[in-house]
Every structure is written in C-alpha cells, then in structure tokens.
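Structure first, then comments.
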Amino acid sequence: MGDKEAAGPSSSLRRRATFAAGTGLQPLDERSASAFRSSGFGVFSTDNGPEQTRKTERSQDSEQSGSKSEKRKRRVDATPSETLSCHKTQESLLSSASGYKNYRGILNWCVVMLVLSNARLFLENLLRYGVLVDPIQVISLFLNDPYSWPAACLVIVSNVFILVALYTERQLSKSSFSERVGLLILSINMAVMLTFPAVVVLLVPSMTPVGGAFALGTYTILFLKLYSYKDVNLWCRELSTIKAKKLARSLSCPSPQHFNGKVCYPGNLTIRDMYYFVFAPTLCYELNFPRSPNIRMSFLLRRLFEMLFFTQLLVGLTQQWMIPIIQSSMKPLEDMDVSRMTERLLRLAVPNHLLWLMFFYWFFHSSMNFTAELLRFGDRQFYKDWWNSETVTYFWQNWNIPVHKWCLRHFYKPLLRRGFSKIVSQSAVFFLSAFFHEYLVSVPLRMFRYWAFLGMMAQIPLAWFVGRFLRGNYGNAAVWMSIIIGQPFAVLMYVHDYYVLHYRHEAD
C-alpha cells in the first residue's frame, strides 16, 4: 500500500509528460500543475489529492449559482481538445441562416440618416423660398366669403338624414311600415345623402375645394354608418320574428327594452343611441358597444396635444415644402419633359409620404383615440401592423380597420352569401373604394379625371402580382414603393389638371 502511494507522484508525472508529448506542450512541474488545478482545468489534476479536489468542488458549488455550476461541470468533464478550442460551426450575423433578428442599431442609424437628409432639404428650402408658413392663408382654404359658410351648413343639414333614418326604423319596429316600404325610404334617404352635397359643392361658387372635401367626407361617413344601422336593425327584426334567443352581435331577450343591463331591440331606437353611434369612431353599428370604465384625463390631454401639434405641423410642412415643389412641377408637366417630371415626382415623394404618415398618426391614433376616450368607446383597434405588409391585400385589410370591418360585414360577406366568388367579391370591394376615392377628390375640385379611381382599381393587378411573385421582405418593399410613389403621382396629375383648368388662361 505504501509502495503504491509512493509511486503515485512519479506515475502522475509520467502521465503529464505523456500528455505533453501527445499535445505538443511542455511538461508541467508541480507548481504549474497546482496553478492549473486552481484555475479549474480538471484535466491536469493529479491522483494524490482526491480529498483536496472534493473540498474544492464543494466550496465552488456553495459559492456559484446552479447555472454556473453546470457550466463548470461541463468544463471539468471536457476533453483537452474541447477545453483549448475557440472555434465552432456558426453563421455570420447578417446571414439569413444565422437566425439573428436584433437590428435595432441599424434602425436607429436609418432614422438618424433620415433626419439628417431631411434637415438638409429643409434648410435648402428655407434658403431658396424663405418662410412661407401663413396661418391666415389656411382660413381662406375653407372660406371664400367670411359671411358664407356653405360647408358648415351642409354638415348641419346632415342631421335631417339621420333623423329620417331613425324615424323609419321606429316605424318598422312597430310594423307601421312594411319591409318593402321601409327599404325604399331608407334607400332614397341614402341616395340623396350622396347626391345632394355633391350638387351643392358643384353649384355653389363660394364652396372651396377643401371645404367641399370636408363636407363630402362627413356625408360619406354618415352614409356608411346609416347603411350599417339599417342592416343591423333588419337583422334584429328577422331574428325577433323567429323568436331567437341570441343575436350574432348582441343579446336578444324576452324584454323589449333591456335584459341584464343590455339594450335590446327595439329599445335601441332612441336619439341618444343614434347620436352616440354617429359620433363613435366606428362604421359598424351594434346595440351594445364595448365601453371603457372611465375617462382617463391624462390620456385624453395627450391625444389632444398630439392633435393640435400635428395639425400645425401638417399645415406648415404643406405650405413650406409641398406647395413649392408642386408649383415648380407645372412647367415640366406642360412641356411633357419626362426626365424633369420624374425628378419632380421623386422630389415630391418624400414630403408627400412624410405628410401621409403624419396624417395617419393624427387621424387613426390621436383623433380617434381622443373621440373614443371622450365617449368611453372600448374598441380601440383602429389599425393593425400594416407597415409589415408583405402583400397589397394585407395592407388594405389592416391600415384602416373601421372601413375594413364595414366592407367585410356589409359588402364582402353578403356577396359571398349570394353566390359570388371571392375574386369577384374582392374586385367589387375595390370598385366601391375606388368610387368613393374619386367622389371625394373630383367633386370638390369640380373636375372628373378618374386618376383616383384608376389608382384604386390598379391595386387589383398589383395585389395579384405581389402575392404571386414576391415574398417576405421583397413583398413588403413592393407595398412601400406603391405607397411612396403612387400617391405623389396622383397628386401631380390632379394638381396639373386643376392648374390647367383654372389658372393657365390667366397666366397666358
């Protein structure tokens, strides 16, 4: 036994010499081996200190956490080649196979570059044109005559159509009107809603293009709301006749007015309920909207500040940045100089797109959240992640949720139920959207050029092409390109035609 213990150190030294010869390293003396043992490399441990090794391991386990202990244990059990290795099979971070997705620094870099490049353009604009911002000029966009407010009068008159729809629904609930007579009255009411303001805008000289667009936009929203109001009340009557216990979107109950705190048909046919729906940030009617518990004043004030700030910013950037570029684009458009027209189009794309993004945030986030908070309207999903769209269809489904819900509920699904195919139904939705785009642009400008209509209908082949041939980031880039280039192109076309129609003879 003593011989074995005595032979222990010499045999250990022989093993270290053999290992050093095999790995190309110099043999270690006892002091070096002790240093390696204390550093945690268990492959250099000797056979004559098992008790000391166990004590060391116990002290390390008590000082380190579980995860570190596991790592040390793996290191102790590792082979010499694994311990001394510094390479492993792995992909570069910018390779798609690496799975790396944290590009926050690159995104920040893009933002910094965007700010710097636009700051240069803004400084160049100031040096060339001076300060063009004029708040008084904005008032003239709405009023030609300070004593004549035709757009405001049109908005006030819209209450007549609201009350006619409510009165008709009440008579239908009491069976005073037949369904056929009620449908006829409601159809005439909504048809007049679209034609009456258009006629006023076209015939009243004091109506400005901006005032006309505001009035027609109000009437278009009311048209969509009253159409949904008509459909939902019709569904309630149909389900009431068969004594259904549950509606698709709200409760149907034995009480004619309320049940478990819920309003039931025909208890919803009140002026208060109607005007709540008129002002609510939605186009789809329900008998019982989701409600938030209270009004958050801090949230409300933040949205109000954003509304005021972005309104001033939109007006200022339009006067200072957009209008000079548009004015300088008239000559190339008249001469049909393709190269200079392309240059003006690209110059207009950046400010136009920036203003469009600001308008999106101002309207869909600030304004609609302000209205929803004020009315305690619970459904705040006014948009989804349209910026990640990889197809054109996904963009149109997610950038304007209120319109998408209306089209899906009151137009697309009814067409499918009547036997139309999906392609025909989708084309019909784009056709309806194209009609309203042209209605809201051509009528206020008092000219019909169909650029907005054609632009919307062009989304159908574009959606097919992007969905068929482009995927992932390429599809997303194609969607962004259609937004950035398509809008300023339409703006230039309408501005050019408006200039030729109204100001070219004066200039000549």
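Using N, Cα and C of the backbone, Cβ positions are placed for all residues, glycine too.
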From 210-227, 264-281, the residue range that TrEMBL assigns the feature transmembrane segment: 210-227
For the transmembrane segment (346-364): best-contacting stretch of 147-169, 181-204, 478-496, by Cβ pairs under 8 Å: 478-496
Same-chain residue ranges lying at least 6 outside the transmembrane segment (181-204) that approach it to Cβ under 8 Å: 150, 154, 158, 161, 164-165, 168-169, 171-172, 212, 215-216, 219-220, 222-223, 226-227, 230, 439, 443-444, 446
CB contacts for H437 (active site) [other CB atoms within 10 A, all chains]: 18
Stretch in 106-127, 147-169, 419-436, 448-466, 478-496 most in contact with the transmembrane segment (210-227), if contact is a CB pair under 8 A: 147-169
Sequence-remote partners of the transmembrane segment (147-169) [C-beta within less than 8 Å, at least six residues beyond its ends]: 177, 182, 185-186, 189-190, 192-193, 197, 200-201, 204, 206-208, 211-212, 214-215, 218-219, 222, 226, 229-230, 233, 269, 271, 274-275, 278
Same-chain residues near the transmembrane segment (419-436), Cβ under 8 Å, at least 6 residues beyond its ends: 220, 393, 396, 403, 407, 411-412, 452-457, 459-460
Intrachain residues whose Cβ lies under 8 Å of the transmembrane segment (478-496), provided they are six or more past its termini: 326, 329-330, 333-334, 341, 344-345, 348-349, 352-353, 356, 389-392, 395, 441, 445, 449, 451-452, 455, 459, 462, 466, 470
